[in-house]
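Have a look at the structure below before the remarks.
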Amino acid sequence: MPSDETFNDPAPITNDKLGPRPGEGVKTDSDAERNDTTPEPHSIYTRVEKWFIVSLIALGGLFSPLSSNIYLPVIPTLAEVFHKSIELINLAVTMYIVFQGLAPMFWGTLADSYGRRIMFISCLLVLAASCIGLALVPTNAYWLLLFLRSFQSAGSASTIALGAGVIGDISTPAERGGFLGVYNIGPLVGPSLGPILAGVLADSLGWRAIFWFLCIASAACAIVLILFLPETLRSIVGNGSIPPPSPLSRPLIPLLGLKRNRSSIANNSTNTPTKLKRKPFQNPLRLLFNLDILIALFYNGLVCSVFYAVNTSISTIFSETYPELSQTKVGLCFLAIGGGMLIGTVTSGRLLDWDYQRVKRSLIDTSNVSQDNEKQLAEFPIEKARMRLMPYLVLCFVACCIAYGWCIEEKVNLAGPLIFLIGVGIFTMTILNATQTLILDLAPDQGSSVTACNNLMRCGLSAAMVAVIQLIIDAIGVGWTFVLLGGLCVLGTPLIWVVIRIGPGWRARRRRSAEAKKVKEKERERERERERQAGGGEEV
């Protein structure tokens with residue numbers, strides 16, 4: 001039976017050619033039994049249980065941007081205590097961004113082969129261990145600061161990719177947008193909360209307290225996941241009804257998926273696990289050879305880099321434009337863009353799910369065609385369903401960026417730029433959520449790997465943008481800088497229509513390749529079975 005993740009809509013597919021429907025007869029072949037019975041749900045978890053899982057991974061995903069941005073306000077202090085220049089201390093930021101892009105390529109691919117739960121918990125434990133080292137690092141060991149920040153990034157940065165893989169496992173395309181919207185609260189609000197927490201902790205307890213806080217918080221989160229987070233990788237547990245073979249893949253307190261026990265009794269538990277084989281380790285960079293995925297990742301990275309240009313320059317711009325603001329008040333200005341992200345998170349998920357259903361109803365006669373129709377799933381234009389609102393969202397995003405820049409340039413009342421920062425946060429969240437949902441739809445069986453590629457593209461372009469943003473501002477001013485950055489987004493907008501145009505063809509190509517591999521694998525299994533039977537006959 002084709003894997004649930006081969007097609008865009010992962011509902012199980014039945015095959016009438018294998019035999020009669022349930023109630024018409026009893027099959028002796030295990031494959032026929034599995035295909036002829038009533039189609040199982042994509043996931044055994046209830047809607048409430050899915051939201052609980054999303055909340056768990058959103059909590060873990062918070063630590064990637066939090067550990068990155070909580071470091072920024074103490075850069076002057078670190079330069080003083082380590083007796084280094086600001087430029088050298090900023091090198092630790094550069095190292096963090098580099099490993100933030102590279103580490104998920106490793107962790108995400110491991111998660112697609114060996115399971116989400118173990119890798120997610122391991123990342124948090126690596127983060128906690130690195131924070132202990134950072135909290136105790138001697139002030140005469142600058143090299144150790146760079147090493148530990150890189151080690152910290154290797155652990156924390158991968159949680160975003162792993163969490164997206166979990167959502168891909170438990171959700172269907174129709175509900176995926178809403179889950180990703182809530183999940184992204186953690187990863188995208190961290191840049192706003194980090195500077196505020198850093199200011200409070202550093203002022204009251206000293207700069208080392210920042211890393212002790214991260215250590216305690218990440219270790220506590222790891223304990224929560226150890227207790228409650230189930231394994232979701234479909235090549236190990238299917239839709240959740242198959243118990244994972246390793247005890248490490250099982251939560252200590254199995255509150256979720258209690259339906260698993262009933263499902264295991266009802267089904268043939270001796271044959272089912274043999275159908276789910278661990279995926280081999282795959283190079284995630286191979287996904288970039290798919291033109292539709294590459295273009296979607298590039299445009300997503302472009303928008304994200306403009307967002308980081310806005311976010312990282314807030315402190316410097318506001319301090320220079322409004323000198324009456326204290327450091328604490330400047331830190332509070334980050335709440336504007338963070339609040340916008342929260343609004344965008346709530347609205348974008350519902351918007352994506354609503355528009356998906358709207359496109360589906362306009363193209364599919366649901367009264368005549370069931371959800372598990374293979375041809376229908378293959379031809380459904382998922383790119384159009386996810387991206388058709390994108391041009392309007394990009395125009396709103398660009399308008400807010402340009403308006404923000406000129407409010408700063410003209411030194412208007414503080415309320416002006418803060419209002420447009422809210423708009424930047426809203427539309428950034430909506431655009432990134434739509435693109436993230438699409439790339440999960442394009443490669444549902446490699447959720448963590450494709451998200452790792454997304455992270456690599458975003459971090460690469462964002463690091464380049466952060467490196468030059470101050471130089472551009474100094475050269476042409478704040479207003480024209482954001483006109484330039486907005487223009488880049490507008491020039492890249494035609495890429496959206498390119499993805500909508502070429503996407504179905506590339507999906508069909510990947511689907512044919514996956515089907516061919518499955519046919520070859522089944523042929524090899526039949527050959528091995530014949531060899532075993534022949535060997536048994538000779539022994540008799």
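Cβ from N, Cα, C; glycine included.
Note: TrEMBL annotation is automatic and uncurated.
The compositional bias 'Basic and acidic residues' feature in TrEMBL is assigned to 24-39 (among others).
Per TrEMBL, the feature compositional bias 'Basic and acidic residues' maps to 513-533 (among others).
Residues annotated as domain 'Major facilitator superfamily (MFS) profile' in TrEMBL: 53-504.
Annotated region 'Disordered' per TrEMBL: 1-41 (among others), in sequence order.
The region 'Disordered' annotation in TrEMBL covers 510-540 (among others).
According to TrEMBL, the feature transmembrane segment maps to 51-68 (among others).
Annotated transmembrane segment per TrEMBL: 88-106 (among others), in sequence order.
Among residues of the same chain six or more beyond the transmembrane segment (118-137), those with a C-beta under 8 A of the stretch's C-beta atoms are 57, 60, 63, 67, 107, 110-111, 144-145, 148-149, 151-152, 154-156, 158-159, 162-163, 166, 208-209, 211-212, 214-215, 218-219, 221-222, 225-226, 229, 246, 248-249, 448. Feature annotation from TrEMBL assigns transmembrane segment to 118-137 (among others).
Counting residues 6+ beyond its ends, the transmembrane segment (143-167) has Cβ neighbours under 8 Å at 53-54, 57-58, 60-61, 63-64, 66-68, 71, 78, 82, 91-92, 95-104, 106-108, 111-112, 116, 119-120, 122-127, 129-131, 133-134, 137, 176, 179-180, 183, 187, 218, 232-233, 436, 440, 447-449, 451-452, 454-455, 459 in the same chain. TrEMBL lists 143-167 (among others) with the feature transmembrane segment.
Under the heading transmembrane segment, TrEMBL lists 179-198 (among others).
TrEMBL lists 210-229 (among others) with the feature transmembrane segment.
Per TrEMBL, transmembrane segment is recorded for 287-310 (among others). Within its own chain, the transmembrane segment (287-310) has Cβ neighbours under 8 Å at 337, 383, 394, 397, 401, 404, 421, 424, 428, 431-432, 435-436, 438-439, 442-443, 446, 449-450, 453-454, 457-458, 460-462, 464-466, 469, 482, 485-486, 488-489, 492, 495-496, 498-499, 502-503, 506-507, 510, counting only residues six or more beyond its boundaries.
Marked as transmembrane segment by TrEMBL: 330-352 (among others). Listed as Cβ neighbours of the transmembrane segment (330-352) (distance under 8 Å, sequence separation of 6 or more from its ends, same chain) are residues 73, 177-182, 184-185, 188-189, 191-193, 195-196, 199, 310-311, 314-315, 318-319, 386, 389, 418-419, 421-430, 433-434, 437.
Sequence-distant neighbours of the transmembrane segment (389-406) (same chain, 6+ residues past either end, Cβ-Cβ under 8 Å): 303, 306, 310, 351, 355, 417, 420-421, 423-424, 427-428, 430-431, 434-435, 478-483, 485-487, 489-490, 493, 496. According to TrEMBL, the transmembrane segment annotation covers 389-406 (among others).
Here TrEMBL flags 418-443 (among others) as transmembrane segment.
What TrEMBL records for 455-473 (among others) is transmembrane segment. The list of residues near the transmembrane segment (455-473) in space but at least 6 beyond its ends in sequence, with Cβ under 8 angstroms from a Cβ of it, reads 94, 97-98, 100-102, 104-105, 157, 160-161, 297-298, 300-302, 304-306, 308-309, 312-313, 316-317, 481, 484.
Sequence-distant contacts of the transmembrane segment (418-443) (same chain, six or more residues past either end, CB-CB distance under 8 Å): 8, 164, 167-168, 173, 176-177, 180-181, 184, 188, 287, 290, 292-293, 296-297, 299-300, 303-304, 307, 310, 314, 333, 336-345, 347-349, 351-352, 382-383, 386-387, 389-390, 393-394, 396-397, 399-401, 403-404, 407, 449-451, 454, 499, 503, 507, 510.
Counting only same-chain residues 6+ beyond the ends of the transmembrane segment (210-229), those with a CB under 8 A from a CB of the stretch are 52-53, 56-57, 59-60, 63, 66-67, 70-71, 74, 117, 120-121, 124-125, 127-128, 131-132, 134-135, 156, 197-198, 201-202, 251-253, 255-256. Here the region 'Disordered' (510-540) has, by DSSP, the following mix of helix, strand and coil residues: 30 helix, 0 strand, 1 coil. The average pLDDT for the domain 'Major facilitator superfamily (MFS) profile' (53-504) in the predicted structure is 81.
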